[in-house]
Structure formats: structure tokens, C-alpha cells
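Below: one structure, written as C-alpha cells.
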């Protein structure tokens with residue numbers, strides 16, 4: 001995957017480049033994230049990458065084979081992010097956060113909190129009451145599908161990797177997608193975990209709608225002064 005290289009700037013001026021990648025396979029984007037992280041300097045601006053992936057299951061570093069129940073024809077990729085197995089597919093907003101956490105003076109826990117808070121604030125604008133859990137990263141809502149099911153449902157998953165003091169990977173927010181592939185895994189390693197999406201809760205109906213709000217929320221929380229958007233050709 002070829003990306004335009006931004007002009008570097010003094011590290012004292014927090015800058016953010018937001019790349020709109022459209023729909024892409026997982027592997028080339030992952031390879032590009034690793035290459036970007038390995039080649040960046042102390043003056044390289046941080047980047048957010050907005051993407052929808054072709055259907056894929058990704059295993060995190062803590063992933064266990066028994067949580068892949070019946071992947072079938074959906075490919076499985078062993079990733080280097082934190083966490084366990086999840087599903088990516090069209091209609092899901094994936095936001096990769098390539099942040100120099102040392103320069104931003106953020107701990108990893110603080111960055112995770114920023115991701116969760118940005119999602120919660122975005123959902124609140126649509127009247128969705130969501131929350132984070134200290135023992136299970138991600139964003140959840142009380143399950144409205146009936147008492148016979150789980151008492152809560154997961155809307156968003158998180159997984160990060162830190163290399164050279166910089167983050168890559170990020171978050172996945174279910175927006176308006178086919179949810180059945182989640183039934184073929186134990187999402188994030190939890191058997192029977194209920195999954196839901198914003199379109200089923202009266203929230204954003206499209207990835208474009210969701211990402212505009214979420215990017216703005218997260219950029220504000222981290223404290224960027226200048227934000228530049230660019231669309232990348234596939």
C-alpha cells in the first residue's frame with residue numbers, strides 16, 4: 001500500500017494527518033502501519049487512518065485457537081496487536097491511531113481511555129448511553145434485546161501495539177454491518193458475548209457519519225492543533 005508522505009514539522013506543534021483509505025484488505029494496511037511506525041522520526045506528524053476492511057478475522061497476541069469456532073471461508077490473520085480474536089468487515093469503522101505517545105506525554109492506559117471516551121462521547125450525541133469497563137477494553141451498552149440474552153452488548157473493540165514509543169492499530173466500531181460473522185467466534189475471547197452496532201441503536205447509520213464525529217472527538221481529546229484530511233487512492 002503506497003501512501004503520500006507528509007511534510008514533517010517541529011514536534012512542538014501537535015499536528016494530525018487523517019487518511020481516508022476507503023475499503024481495503026487487512027494485510028496491506030497492517031504492513032503499511034508497521035512500515036510507517038518503523039520509519040517515523042521525532043518530527044513525524046501523527047496520523048489517523050480511517051478504513052473499512054474486507055471480511056477478516058484477526059487474532060491478537062493473546063488470541064487462542066479455541067475462540068475461532070467456525071471461521072469457514074473468512075480468512076484468519078495472526079496480528080501483532082493486543083487482545084484476542086475479532087471480526088472486521090464492510091460497514092464497520094476501523095480507526096488506526098498512529099501516535100507518538102512519548103511526544104504526546106500519554107501513557108498507554110491514557111491513550112486507551114482517550115479511545116474509549118471518544119467513542120462514548122460520539123455515541124452520546126445520538127442519545128446512546130455507552131460505557132467502558134476497566135477489566136475488558138472496549139465500549140459497551142446495556143443489551144436491549146431481551147432478558148434471556150446477555151445483559152450487555154459490545155459496540156467497539158480496541159487493540160494497540162506500541163513500538164519505538166509510538167502506537168499503531170486502534171479501534172473498530174460496529175456501525176451498519178452484517179453481524180453474523182461474530183457468531184462464528186468468541187469475540188475478544190468471551191464465549192457468547194453479545195455484539196451490536198450503532199445503526200441498531202438509533203445512532204450513526206453509515207461509516208462516513210460515524211467517522212466524522214469520532215475523529216473530531218479523539219483529535220480534541222489528544223490535543224491536536226492542526227488537522228489535515230487526505231483521501232488515498234486504493
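Glycine residues also receive a Cβ, built from the backbone N, Cα and C atoms like all the rest.
What Swiss-Prot lists as active site, acyl-thioester intermediate is 188. Sequence annotations record features per position, and here Swiss-Prot assigns substrate binding site to 81, 82, 83, 84, 85, 86, 87, 88, 157, 158, 159, 170, 171, 172. Look at Swiss-Prot and you will find 42-226 tagged as domain 'BPL/LPL catalytic', backed by sequence analysis. Feature annotation from Swiss-Prot assigns site 'Lowers pKa of active site Cys' to 154.
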Packing count at residue 171 (substrate binding site) (other Cβ atoms within 10 Å of its Cβ) | 24
A correct count of other C-beta atoms within 10 Å of the C-beta of residue 159 (substrate binding site) gives 23
Which residues does residue 81 (substrate binding site) neighbour through Cβ under 8 Å, counting only same-chain ones at least six apart?
-> 58, 60, 61, 159, 160, 161, 169
Which residues, sitting 6 or more apart from residue 87 (substrate binding site) on the same chain, put a CB under 8 Å from its CB?
-> 55, 56, 57, 74, 181, 182, 185, 187
What Cα-Cα separation, expressed in whole Å, is found between residue 154 (site 'Lowers pKa of active site Cys') and residue 171 (substrate binding site)?
-> 13
Would you kindly give the Cα-Cα distance separating the residue listed as 'active site, acyl-thioester intermediate' and residue 85 (substrate binding site), rounded to the nearest Å?
-> 5
List the residues of the same chain that sit at least 6 positions away from residue 188 (active site, acyl-thioester intermediate) in sequence and have their Cβ under 8 Å from its Cβ, in sequence order, or write 'none'.
-> 83, 84, 85, 86, 136, 138, 154, 157
Across all the protein chains here, work out how many other Cβ atoms are within 10 Å of the Cβ of residue 83 (substrate binding site).
-> 22
For the substrate site as recorded (81, 82, 83, 84, 85, 86, 87, 88, 157, 158, 159, 170, 171, 172), determine the largest distance between any two Cα atoms, in Å, rounded to the nearest integer.
-> 15
Quick one: what's DSSP say for residue 83 (substrate binding site), helix, strand or coil?
-> coil
